[in-house]
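Inspection log for the structure reproduced underneath, given as structure tokens.
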């Protein structure tokens, strides 16, 4: 499979595809009940999709996604319109208004694989594709149509919406007239875009069709919103389930406009299928914010409804109805009176709230109990003020079903927690109580998406993350004894009995038993509890070895994978002792996740020491178990700290188990059970935009800095959060400064994607603020392991999981650690496997132990190019641990800057930083400020791209062939010029399969090729030759010369000096040197991959315009395109440009490379000899050249490319042209 997110993809290399992203907008912090239910239902119906709810009051929901508003005086409808189009044009996906009830998955009405540039719904009664609703639509990425739509809309907003009248004619505006045009700005921009891009593929279906969102309104309720929203049995919310399933099963979703939402009551008051679906999606007792809706008694509302009915299907009823939102508003549930009276009422209620508003006090003051909700008086506030269940029910805080359930369990004085997590402080609890609380947290958070959840305060960062992710800054704490009592009761009284002091060494094993038996470990049996395991009796006198063996033999098949949890052994204080003493409390942090996921937890100090009993047991365990391979070992093995913790990566622990383990560093991370409640991130996420492609310059030094230790979840929870906040602050102060906001890579554990998805999103949001931070996989990909040591089958599984992690995280780079004795094997057999799918492109390795050099790298070798296509870059290991130590791994800012400044220019260096020697963010900043101007800090994926451009150290002879290529050009000149504008015999070659079957050939062609072939055979007899006139020899050689002695023989024989000699050198099938020689004009282009392109010894570069509509296009002849697809596709590109021109053959490509004004060349029916030389010339000048699908032009894919070539001056033109070519292909149903 091809990586859908390559680091530097050829523009348009993948077909347009709608990402599985859902975008919504709501302007209040807490949506009303109906809106919240719609959102939750949408999430339920679309597993695998990621929903982004944009909320201006919550900056993290906006940062990095939405373009800044083009003007700062917009009203809310225009703000929402800007959000919807700007996010879809940038990121793609589906926009849905929040008041949409999903009854089927999105993919029932959106084709995510369609090449249409936009998909959506026509207004009711319309079947054309020029009148689209804007509340539900989808854009792929890229989508030239959506980008143009955004540009037109932005232009309208900047001009002032009243003056933007070109998009809609008076006949289209109808009854509204131009005075209402500001409310239709985005629709006007849509129409103008449709006129500008009439050939863009648009997929629009009627919104009132049986599958459409307005089917009910238009065809069941006769366009009557009041009938639709009736509270009687005929209203939509009271239609029973049987009727839905028999009559309306085809309906995908229902859209409720502002004119309908003002009728919506509490969903608990309805009895139909639609209400039950929404209530089921919503957590019990959800208390949302208040609506801001239109007053149905306003004369202006009725006037606008009348206008809407007059213009019928021409305009959106929803937009028209919302016009009066600006005239008359009311905030429910407080109602009645003027706006001033409502403000006065709210102020009085606020004073009562501050005094602890009870239901009785509200009534005494002349208000209803329900009025308390109007001043953000929450359920927790009400319960704390002593409200009874009946008062809560009557005021609308809870529904009847919840009240009935609570009556049986509620106790006086206990606080209800329905919308916030249960927060328990266990920082000062006893060892036994901590273990019990962590176990209860694991049990309570076990269901995916468990409402509210349980959150424990144990680590120093717990309060910060509670605020960051849950937005709770001052949590209401539940007493520990109350929490444990509830927990035991909720788990049917199931208890594991143990002693935390005498059985401390066995705590990991006891925790495993509690996890698989769904029980709570306690030191005494509460009254009425059920004893499911008595560790005091069963494990009396057990050692850790005995206990581990017992749990393995009785419960291994009920566990999901392995975890190592130190029960408090002083392993570092007694590094060589086989039996270190207890010193500290157990490492509790991971206990909640162990219980939640039923991990097999244990700790055997000698488990990795051969010939020991413990080693024999661990060997048996890893050889026979139900766990996925390679085995993910959670926690941390800190035994035998030799040159670090020698067994921490796990792969070197059990030699006879084919090294099938790797670590998920997570020791001490509490609340992982809470964080993992959320659905895992499975769809690719959008990282910060990658920098524009950078051309390698041998006079520069390129460096990537990577923040390490991101494989350790506890680092992500702790220090790296502070570093990231520091980083955001520095970039905010100087966003364009390359010393304050330089490109920076961060390693990020892929296990956050499912174990802490909200934490990953938090980091991602910060990076989207800076736009200069990117995440890569940490050591060594999917697991912290030494994968080069693994069995081939485990390696294949490891690579597959690593590539999937890259896909979801949208990265192609990783850090990899290997054991010092396995590098040759890894370089020869493991790392090249990443070249099969070309998902991983950049690998930053580190040796273990770190102080031993990696011998396969030569003294000055900076990287290796691996894989079949030599596009996997393995950088030279370079670790920087800080400034507190001695040796090459420890450097002050001055020392590291001196090292980098002193590197040979043209160097490409990756530096991986870890905290072992005091590394911190300030040290990086101090270093960057001392770097010389020629030292460029680049993003991780940029560094890999630059290395591929430059070529590997073993590719150095390629540059030496440049001189020889010049010799070949001189030899061809000597044979051609004597025949220039002289009488000459012309023969015809007939190739029936080509669009232009006849082509001329002369003695000049043949003599020139003979001369070049003779030189190659004499100088490089092992090289291959592929020539137009005399065929091929050794075409599969590592180096192969591709020759066209006269490209443009028709020009040559008619005396037109626009032909050229083409000389290409392919290395392993890939063009690396190219020459275009025009011997009459004495112009010679020579391009060398990684070095650039020269014209007569002077460097040249492409220029190019910004869009096809301004471009100058060349093709040799319009007759070179076969009938059907090729002619249609060429016609689409030709018609899109400003001026098409013909007749230059290879010379046109030289004009593009030189920046003389030609912008693109599109041709077909070319031979390998016609284009191989052109590739390095165009690429070296900064242009783009591919086949018509965006694939590279190589010897290997010549048949697949079918001689179709597209060369452009820049990536934007290339993307536009490829989109047209692919759209044409879709039209004619080819391949």
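Each residue, glycine too, has its Cβ placed from N, Cα and C.
The Mg(2+) binding site annotation in TrEMBL covers 1028, 1044, 1046, 1047, 1170. Long-range neighbours of residue 1028 (Mg(2+) binding site) (same chain, six or more residues apart, CB within less than 8 Å of its CB): 1005, 1009, 1043, 1044, 1045, 1167, 1169. Residue 1028 (Mg(2+) binding site) falls outside any helix or strand according to DSSP and counts as coil.
TrEMBL lists 701-946 with the feature domain 'GxGYxYP putative glycoside hydrolase C-terminal'.
Compared over the binding-site residues 1047, 1170, the count of CB atoms lying within 10 A of a residue's CB peaks at 1047. Highlighted in sequence order, 1043, 1045, 1048, 1049, 1061, 1062, 1146, 1167, 1169 have their Cβ within 8 Å of the centre of the Cβ atoms of 1028, 1044, 1046, 1047, 1170, the residues recorded for Mg(2+), and are not part of that set. Within the model, the domain 'GxGYxYP putative glycoside hydrolase C-terminal' (701-946) carries an average pLDDT of 91. On its own chain, residue 1046 (Mg(2+) binding site) has 976, 1002, 1004, 1005, 1008, 1052, 1059, 1060, 1061 as residues at least 6 apart in sequence with a Cβ closer than 8 Å to its own Cβ. Secondary structure at residue 1044 (Mg(2+) binding site), taken from DSSP and collapsed to helix, strand or coil, is strand. Look at residue 1170 (Mg(2+) binding site): DSSP puts it in a helix.
Neighbour count (other Cβ atoms within 10 Å of the Cβ, all protein chains): 31 for residue 1044 (Mg(2+) binding site).
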